[in-house]
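> Pasting a structure here, questions to come.
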Amino acid sequence: MVKSAIQVVVRSRPTADFAHDAIKLDTQAGTVSIHMDRNSGGAAAGLNNLQQDWTFRVNRVMPNASQEDMFEACGRDMVMSTLAGYNGTLMAYGQTGAGKSFTMGNGTYDYKYRGISPRAITLLFRAIASKPETEINVRVSYLEIYNETLRDLLSTSTRDLSIREDGNGNVSVKGLHLAYVSNEEEALNMLFEGESNRAVAEHMHNTASSRSHTIFTMHLESRSRVESSEKVIVSKLHLVDLAGSERVAKTDSRGQTLQEALYINRSLSFLEQVVIALSTKHRDHIPFRSSKLTHVLRDSLGGNSITRMIANIWPESRHLEETISTLKFATRMMRLTNDAAINIDLDPTLLLKKYESQIALLKQELAMHDMIANRGPVSYDEFTPEQQAELRHQVDLYLANEIPRFDVVNLQQVHELFRQFRIAYNALARGAAPVVASTPQASVTPDAAAATKQQQPPASVTSTKTGTTPPPGVTKGAATPPSGSTPAPNPATGPVGDLVETTGFSVGGVAPADSRPNIEDDAEAVLSRASSPDRQSFLQTPAPADPVPISAGVQVAIDDERLLQEWKAGDGATCNNEYVELVQKSHDIRQQIKAAGAEVNDAKRAIDALSDTLAMMRANRQAANRIAGIPDNTEIIDEEEYALIRDLKQRKVDYGKSYDRWSALRNQAALLKENVHQVKQRLANQFLQWCEVQRRGVDSVDVLDDGEQFEKIETERILSTDPDSLSYYNARKNLLRHAHKKRSKRSGMVVPR
């Protein structure tokens, strides 16, 4: 969290009647000194104790500053901090006609004199383009507060807008349209469209005076493409153009203009009251809800935002009172302190996927630990009803003194055993005899039951939720029926819904092997299909009547093989060679995957054989020790057993290396598969475009009319003089086109396309 005071920059409007005797601007010290004669305000003759001299100290004073200098001083760091995750607010305040809308760039369509808003849009999308490792989504909104009524400048509907506030104090406008923009031109289109819908009027001091407060907001959502994507950084940048305060006696406002001036002055008065309340220590109540403007800007005034204000003044003698009022409000704003912090949200869907992936990795680590510790495969999944019934049966045998102890496998098994003990205790407490669960393993001995339990595959192999699969042919101890075999019928199961004596209602048995769909999830199988002759027929041996898939839902039939061969030998040679090379690489890596899988299988079989030999040798040694009267805790290892242990450790190391190599090859295969798909799609699209040009011929080339030729010449001129301004001029051209359509519709004319 960053504590920062609200910064104030004073900008004076250029004028030929600058009041040099009354106003002194010190750019070095950042002060504005004003001297006003006591009788200059029209006071009555006699005793007059009004203050004559004022000195206002601000962060920066910029007289006669250009638009570019203003943006560099006030807007650039605000945009970059918004990209970093901080909320930002930049507002222009001052009397009517002082240059607030010109400073913000609202209503100015000359590229040279564009203001802060269009420059901020340009900088934002250039910064986004320089961050390819981050996915940044931008949405814009344009809100107008006209006569204490909220209006959406980007929506044609007249739905009601309302201000809502969450438990953390974050304020939003319900019903406000958030338009998604993907580039600079689209954002400028939204800015210009909103400006064309804004309320303006004319009075004595301004021919196009803004009659409302506007807030243009850019909402950003950023997430990393290389790190954890569940962390989303959310930020927003408010660009606020406040309507100017007016003295009705000077502007000579009447009728509707007078009514608008009253609403403007009242909302600005409430804004000043909120600023005074925030700057007063130990103030319990802050009147944010006094007006729509202060309520919307709640997080910008003393909240979670980096706020900066541009105080526009008109340095002429006739406007000294308004200038003093503006600077007084600016100094009050400087007393406020905001607590800005980076806004981080967690996407619950992506967070759930991350946790599932972590659980899968932990299960793999447990399975690898069990294998290195020479333990049998252990399941760490939730217990199935069959496994719970087996544990209940073991509890009943233990309570009947038929088995001496339990073989503890993991902590989850211990919890389940305690749960079964509690069930048995509750049954005895109710006076009922404990029922021995009838399971398929109920008639076998404890040793046989333990052996059956050892056949359960580990979670890292059998889990289908995590998508983890073993190498080709690697079973890791799991008992897998041969292909095409039908499982034996289970007497405890029947058709779904039938009543079974031992287990209640049946949920059905195991489906026959031939009834399951043939689904190939392995990347090797997919690449095998990708490199098969059928998949290569488009480029290798094309059939004239076969449709060629270009994209989803689009199929184009190639009726001329000669065109395809001609294109492959000419313009499409580079792309075709790239595709053939990728297919060959895919084939080679498939062979490497098979070889790596064979190495993994060989290492696993060697580990199993050595483990069995070592277990048999240890059992024989323990039996011989018991015959000789040697205690069981005495362990004597001969050279042969030591050699087996050393060989087993080396085999496990080899297995780990082979498995890592096999996994790396699978990742490469998946990447190659995606590259092959993209290149093939690009290949097909380029060929279709080439065919379209060939079939269209030279005679059907479009001839540009006068308007299109003028637009082409104008575009070439802009690109030659200032290429960065093309998006700005295109957005302005779209605005003029839409305005012409609106006027034509009102007059009943038909607009040519």
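Cβ from N, Cα, C; glycine included.
Unlike curated entries, TrEMBL annotations are predicted automatically.
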> For the annotation coiled coil in TrEMBL, which listed range does it cover: 117-144, 257-284, 593-620?
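Going through 117-144, 257-284, 593-620 one by one, TrEMBL flags 593-620 as coiled coil.
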> Just to be sure I understand the packing, how many Cβ atoms besides its own are within 10 Å of the Cβ of SER101 (ATP binding site)?
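Taking every protein chain into account, the count is 27.
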> Indicate whether LYS100 (ATP binding site) is helix, strand or coil by DSSP.
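Going by the DSSP assignment, LYS100 (ATP binding site) falls within a helical segment, counted as helix.
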> For a quick check of packing: other C-beta atoms within 10 Å of the C-beta of GLY97 (ATP binding site), how many?
22
> So what pLDDT does the coiled coil (593-620) average out to?
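Mean per-residue confidence for the coiled coil (593-620): 86 out of 100.
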> What's the number of neighbouring CB atoms sitting within 10 A of the CB on GLY94 (ATP binding site)?
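Looking across every protein chain shown, the total is 28.
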> Return the count of C-beta atoms lying within 10 angstroms of the C-beta of GLY99 (ATP binding site), excluding that atom itself.
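A count of 21.
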> Around LYS100 (ATP binding site), which residues of its chain at least 6 apart sit with Cβ under 8 Å of its Cβ?
ALA92, TYR93, GLY94, SER210, ASP241, LEU242, GLY244, ILE310, ASN312
